[in-house]
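First up is the structure itself, then whatever we jot down about it.
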Amino acid sequence: MDYKDTLNLPKTSFSMRANLVRKEPEQLKKWEEMDLYKYVQKNREGAPLFVLHDGPPYANGNIHVGTALNKILKDFIIKYKTMQGYNAPYIPGWDTHGLPIEHRVASELGEKAKELSKSTIRKKCRKYAEKYVKIQREQFKRLGVRGDWENPYLTFDPKYEASVLKVLSKLVKSGNVYRTLKPIYWCTSCETALAEAEVEYHDHKSYSIYVKFQDKNKPNRFFVIWTTTPWTLPANVAIALNPNFDYCEVKVKDEIWILAEGLLEQAMKAMGIESYEIISTKKGSEFEGEVAQHPFMNRDSVIVMADYVALDAGTGCVHTAPGHGEEDYGTGLRYRLPVISPVNDQGIFTKEAGKYAGLFVFDANPIIVEDLRKSGHLVGEGKIEHSYPHCWRCKNPVIFRATEQWFIDVDKNDLRQKALSEIEKTEWHPSWGQNRITAMVQDRPDWCISRQRSWGIPIPAFRCQDCGESILDGKVIDHFAGIVEEKGTDVWFEWSESDLLPEGYTCPKCGSKNLKKQEDILDVWVDSGSSFEAVVKVMDELRFPADVYIEGSDQHRGWFQSSLLLSVGTEGVAPFKSVITHGFINDEQGRKMSKSLGNAVDPQEINNKYGAEILRLWVASSNYQEDIRISMNIIQQQIENYKKIRNTLRYLLGNLSDYSPQDSVPYEELLELDKWAIMKLHKLIRDVTRYYDRYEFYKVFQSILKFIITDMSAFYLDIIKDRLYVEGKTSPERRSAQTVLFEILVALNKMLAPILTFTSEEVYAHLPEAARNYKTIQVENWPEYKEEYIDSSLEERWEKLINLREDVLKALEIARAEKLIGNSLDAKVTLQIRSKDIDEIVRQYSREFIADLFIVSQVEFAESVEGFNGEYAVVKVDRAEGEKCQRCWKYSIETGADPELPDMCPRCVAVLRKYGSDYEL
């Protein structure tokens, strides 16, 4: 007879196959129809506020896997905090100004770009940015990220631009903004100044030359310098020595050369000089004020002192050109040296460079070297591969060039020290982030905030045509900000000066009305760095300072730092209470993603092939505080992990199809094994909550997966299967298990909800109506950890039983391999327990209970047994005694004792006698 209809087999419409690629868009549509973001916010009205402020991605191209990682991490935090009872708004934003967009637009326009007005270029840039905001918005939504997508913040929005100008105005009024001629990074290809955050370092092959400068007063004496930038020699005005180093006067043939003693041997070897003699040694300070002759310009080169001169390379005599170097410039200020920078915006030498006028600086290198060789000033040459700054956008090498620019003085009003103090008050995850940004802020130069481009917020500066004064006045900025709020910044390039200036405004220096607007724009890091003012302070649903900023580790010198300096400079405090940093993404071998290696992974491809849920699981499984690895192989591993999670959720649902929360059994009446499972669940809730609080999502993932695989699938669910399927449908034994399964399902689904946002919603829809308080799981309350369920003696006892079970499972596996048994229920095991502790525990339970624990038909105990030699017991496996029950498949010598049910064991007979009305027999 087929007894299938008398068993409580799992039943659920929750499918085994996830079909994520089809189901996820359907879920997105449901969320859209219910206006998910508004619904969640309405249900958290009046709750404590938690503000994660979105660092704006750049509106240029499709999202890549790094952008996806960032947005998914933010979504984990927002969804967890919401379920924790917080009102956690999420206003996504986009960085929409700047060189990358202008560069793309110019590339598309080709030669035509040069003929167009700035106003026209700006309109095309806006259109380009708008296009990619729309594209990226859909791509982020596809990842399951919840946010106010209909009302994002955009840095080209007039109100946002006006807020940025207000930040600038405050800094101008406090005296933190100045204009000067100073060497800065300059991209000759993009024709603009660059900030440190816009420079990338790549390996670059450079000249390495040694040049002698003749002493003007002692014609046979020479200062020997070393440089890797021959093109900067036309701007040389000095040679720097360290006042504290010893310098040797060395005889080489008939000449006396001056070099640092600590570099003498190394330098002579590099120059190929084998024969030389040290004549005398002096401190560097003794040479101060001496004068050398420039090797090819009709100009003096003064000997100056500088503490930064080091003994790591070169000669200890450092070629100094204040127009082409930050340290050189500082030395030039101290010695009042001229700042010469004979290079135009395109990197072409001007007539000030003499015979090299008209040459591109890097093209001039070999010519200058050859001229030095011919004149006899070149005493050594070679090539060196070293780390050199390149433009972040066009990837070409940049130069250091002195130009007139606007700067934020990071030391005025103790801005640097205040920023360092705020860094100390901020919580950094991981903790090394604090040291990293501290070092960067300590060592950073003043911030060059002007750019010579079109697409950005104009700096509302004017130049007086009568006295030449550059004017950047807080009153003028405030007036212009008022216009911008209504009209946007395009008006700067379209309106006349009289329309842009406050009525009756005159030059503060000479009183002239003859003022001409300047066309520099603000560094985009000022745009995005002002978001604390333009978004966090302005929006009613947010609060300043924000609780969390989370971005990639490159933002220590980017958005974290620009936001910090601007906020401290205008508000006196950091814009964030804590900062989370994530690493970069590499391939499986730890190599950087690149087109040339063909190892880039496209998030859209993963979404379309496997579903966004798999990408989200990959993010959760990765320790994002380090560099993270991804490949299709790694994605396949996450597909397997997803299946394990989904199958467990499905199994739980299947065994609860006839259960309602009102059927629950009180804790005191639960079976002991069920109490153990509840305890394990609550330990998981405790640990997972702690990991979410610390933003350690990979530990959340590991803990949940271990719980599912080890505690549930391999142990608890395996053991209770018999009780669930075979005991009476409404029996206390089965209801005890179901009570626990229900609590596990609800709590587990909630703990997974921030990560598996689509799957948890699908599970939620399959829960009994009484267990669903909202239209979405995203508003449910986080599972509550209950200390009273933690019983250390119970845990200790069961740990020993589990250890014994491991020995039995190994013995059963051997018996199965030897074809002694097929299913474990075919077995009877006899145990010789070695451990007195375990023996005492086992004796407290019935043999039937222990047999159920091992999933065998019978258990016996003996003083001496021959069999598998386990760690805790010797285990002998035999064929079970008696006949197989056709309902539960256990063997019993009493099977068939009831003539009415001749192929059933007494337990199954009793179940059907008592609960027969529950089944269709």
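Any Cβ shown, glycine's included, is placed from N, Cα and C.
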Where Swiss-Prot places motif ''HIGH' region' among the ranges 57-67, 145-155, 464-474, 486-496:
57-67
Looking at 567-571, 592-596, 882-886, which stretch does Swiss-Prot describe as motif ''KMSKS' region'?
592-596
Going by DSSP assignments with H, G and I as helix and E and B as strand, what are the residue counts for the motif ''HIGH' region' (57-67)?
3 helix, 1 strand, 7 coil
Cys888, Cys905, Cys908 as binding-site residues, winner by CB count within 10 A:
Cys905
Express the distance between the Cα positions of Glu551 (L-isoleucyl-5'-AMP binding site) and Cys888 (Zn(2+) binding site) as a whole number of Å.
56
Once Cys885, Cys888, Cys905, Cys908 are set aside, which residues in the chain still have Cβ within 8 Å of the Cβ centroid of the Zn(2+) site?
Val726, Gln886, Arg887, Trp889, Lys890, Ser892, Thr895, Met904, Pro906, Arg907, Val909
Using a 10 Å cut-off, grab the number of neighbouring Cβ atoms around the Cβ of Glu551 (L-isoleucyl-5'-AMP binding site), all chains included.
22
Count the other Cβ atoms sitting within 10 Å of the Cβ of Cys885 (Zn(2+) binding site), across every protein chain shown.
25
Overall pLDDT of the motif ''KMSKS' region' (592-596), taken as the mean:
69
